[in-house]
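The block underneath contains the structure these notes are about, expressed in structure tokens.
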Ligand code: MF3
Ligand code: CO
Ligand code: CO
């Protein structure tokens, strides 16, 4: 069902909704069509950063658990359940569940799916790649992270795409220094991706994150100057989450209004960290240690 005759993905069957214990606090948008407007800025106190780090650690540990389960024969719904269970066991809420009506605790984006793939009965095959994106909400703050996993052995061009997408994210993160504009992050990522002829997705971006899942601050992954000229300052928290493709940067949206694929069905990878900017660089807030 989930792959057509050409090996391209088609919508599958969604599992029964997962539940979250009543004693775990929900973010304010759950049950609403859209989140309440965010009025704060994108910088945080050390106490608040500690809370984002705690949420980010839970999301990262959940990705560790999901990654350990990735194998041929596993469904994306099974991966979602593993991530969900890890987040909930840590006392946190999986931020995507009920966000603007999104039905699952993670996004699982396979092969040509750029982002926001909904976990379903898609059975992963040797050679596929799957991005899993998990955000945890704990004590009023979100930590947002994703990784792309290889399913068994993948072809060399796909292997390199995954490797270089991670490298692109890290280069973008290292470019985030006080006194620069956020578009420097996109310039660095775009320049690196261009070396390999990769497409860089423009219309889905990094974002401010903290007490709100998406604060309104946009972090571009391509050279967008003079747009996105927000000044980077110490204490600022945002994600860097480039999506690179083996083909075009153009995309299509499925009828579910969530699943984004490359227009040419080329393979695409993504990595994401939440970071805080420091006087002399950055700190990753979505790590397991
Ligand atoms: N975690 C995604 C991000 O990096 C957002 C997913 S929103 C959802 O911004 F509703 F699609 F889950
Ligand atoms: Co994000
Ligand atoms: Co994310």
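FYI, residue positions are counted from 1 along the chain as it appears here.
Each residue, glycine too, has its Cβ placed from N, Cα and C.
When TrEMBL records 207, 241, 272 as binding divalent metal cation 2, the matching candidate from 128, 139, 144 it lists for that site is 144.
According to TrEMBL, 144, 272 bind divalent metal cation 1; the candidate from 133, 157, 257 that the record adds to this site is 133. For the binding-site residues 133, 241, 272, a Cα-Cα cutoff of 10 angstroms around residue 214 (substrate binding site) retains nothing. In this structure, the C-alpha atom of residue 133 (divalent metal cation 1 binding site) lies 14 angstrom from that of residue 207 (divalent metal cation 2 binding site). If you average pLDDT over the domain 'Peptidase M24' (51-279) in this model, you get 98. By neighbour count, meaning other C-beta atoms within 10 Å, the densest spot among the binding-site residues 133, 144, 241, 272 is 144. Over all protein chains present, the Cβ of residue 116 (substrate binding site) has 20 other Cβ atoms lying within 10 Å. With a CB cut-off of under 6 A applied against ligand 3, the binding-site residues 133, 144, 214, 272 are reduced to 133, 144, 272.
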